[in-house]
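Undergrad: Heads up, here are the entries from TrEMBL:
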- S246: active site, nucleophile (ACT_SITE)
- H311: active site (ACT_SITE)
- 178-327: domain 'Peptidase S54 rhomboid' (DOMAIN)
- 132-151: transmembrane segment (TRANSMEM)
- 182-203: transmembrane segment (TRANSMEM)
- 215-235: transmembrane segment (TRANSMEM)
- 247-266: transmembrane segment (TRANSMEM)
- 273-295: transmembrane segment (TRANSMEM)
- 307-326: transmembrane segment (TRANSMEM)
- 338-359: transmembrane segment (TRANSMEM)
Amino acid sequence: MDRSSLLQLIQEQLDPENTGFIGADTFTGLVHSHELPLDPAKLDMLVALAQSNERGQVCYQELVDLISSKRSSSFKRAIANGQRALPRDGLLDEPGLGVYKRFVRYVAYEILPREVDRHWYFYRHRSCPPPVFMASVTLAQIIVFLCYGARFNKWVLQTYHPEYMKSPLVYHPGHRARAWRFVTYMFMHVGLEQLGFNALLQLMIGVPLEMVHGLLRISLLYLAGVLAGSLTVSITDMRAPVVGGSGGVYALCSAHLANVVMNWAGMRCPYKLLRMVLALVCMSSEVGRAVWLRFSPPLPASGPQPSFMAHLAGAVVGVSMGLTILRSYEERLRDQCGWWVVLLAYGTFLLFAIFWNVFAYDLLGAHVPPPP
């Protein structure tokens, strides 16, 4: 029996008068009688929903959300009110787990702040599809870097090579009409130090985030940070090029760090204060290095060096759009007013940046370096 047939059977047998409510105990018996037990986390949450209602009933729509694995904000409130029905044992007490399941449990405690969400993720997680987006982006960046490194025979400060800016991937203000460059610059890097920093954070933070929140949401956040980075540079540092995936990386990292801070008491990751300090120090050091290279280049250069504003723009995207996504685990974003506010703000920024790139350079008489 598929999901739609199960829902139709539930409504016909348990709610024939279309009252919108179903007895939780009766529903559990029906599921077991048809040999269709839900995941343990879903059964626990079903009981929690019933406990949140004085008459021990579950709203039919909330039941649909539960079976379809998408939870509304009202579902979340009901779970919060009924948490006394959930098992008190944490996932750390689960015995006999294999290596991969232990890794899934580790990810749950690293990313999610509430035990009910950690249970939900642990029992519902499937290894297929794997977190391919962040791994693919990182692999592509490494391949591109190796190709250009071998071509230039230069592995540090590649931007000082006279042929570097001729790459069709680099964002250069003289090539603003080539719109793909506003995104493809994320595959190019200044040198081994920037690539190593970005790749490490993409794998350590991006992959767990993708495992929990899914490819679509994390890829949207990453690419939104990348695009905001290049557009911000085109507005605030009009003569500078941009390279590196730092806009997307800082969107992921700032969103995760902000989520940890806002749910500090609930996060169970070990040494969280020390790790928070180290992350902030590393991110600040990377921004400082980018500022130094932009305004005090250590080698003679034929033009301005890459801007650091992409880092800051990515952080803003992470704290706004990213935090909204991470705080909406398994909830529909379209049902949340805050999500539409963030999208409206981001869309307004995009429109402003497009008009700026089309008209402002000529109106302001900006002296853009000649395109390579």
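For all residues, glycine too, the Cβ spot is worked out from N, Cα and C.
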Undergrad: Out of 215-235, 247-266, 273-295, which stretch has the largest tally of CB pairs under 8 angstroms to the transmembrane segment (132-151)?
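TA: Of the candidates 215-235, 247-266, 273-295, 215-235 scores highest.
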Undergrad: What residues elsewhere in the chain lie close to the transmembrane segment (338-359), defined as a C-beta under 8 angstroms and at least 6 residues from its ends?
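TA: Distal contacts: 176, 224, 227-228, 231-232, 234-235, 317, 320-321, 324, 328.
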Undergrad: What residues, ordered by sequence, lie under 8 A Cβ-to-Cβ from H311 (active site) and sit at least six positions away in the same chain?
TA: G229, S246, G247, Y250, M283, E286, V287, A290
Undergrad: Within 10 Å of the Cβ of S246 (active site, nucleophile), how many other Cβ atoms can be counted across all chains shown?
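TA: That number is 32.
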Undergrad: Roughly where does the domain 'Peptidase S54 rhomboid' (178-327) sit in mean pLDDT, to the nearest integer?
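TA: Residues in the domain 'Peptidase S54 rhomboid' (178-327) carry a mean pLDDT of 92 in this prediction.
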Undergrad: If you run through the domain 'Peptidase S54 rhomboid' (178-327) with DSSP, how many residues end up as helix, strand and coil?
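TA: Split by secondary structure, the domain 'Peptidase S54 rhomboid' (178-327) comes out as 110 helix, 1 strand, 39 coil.
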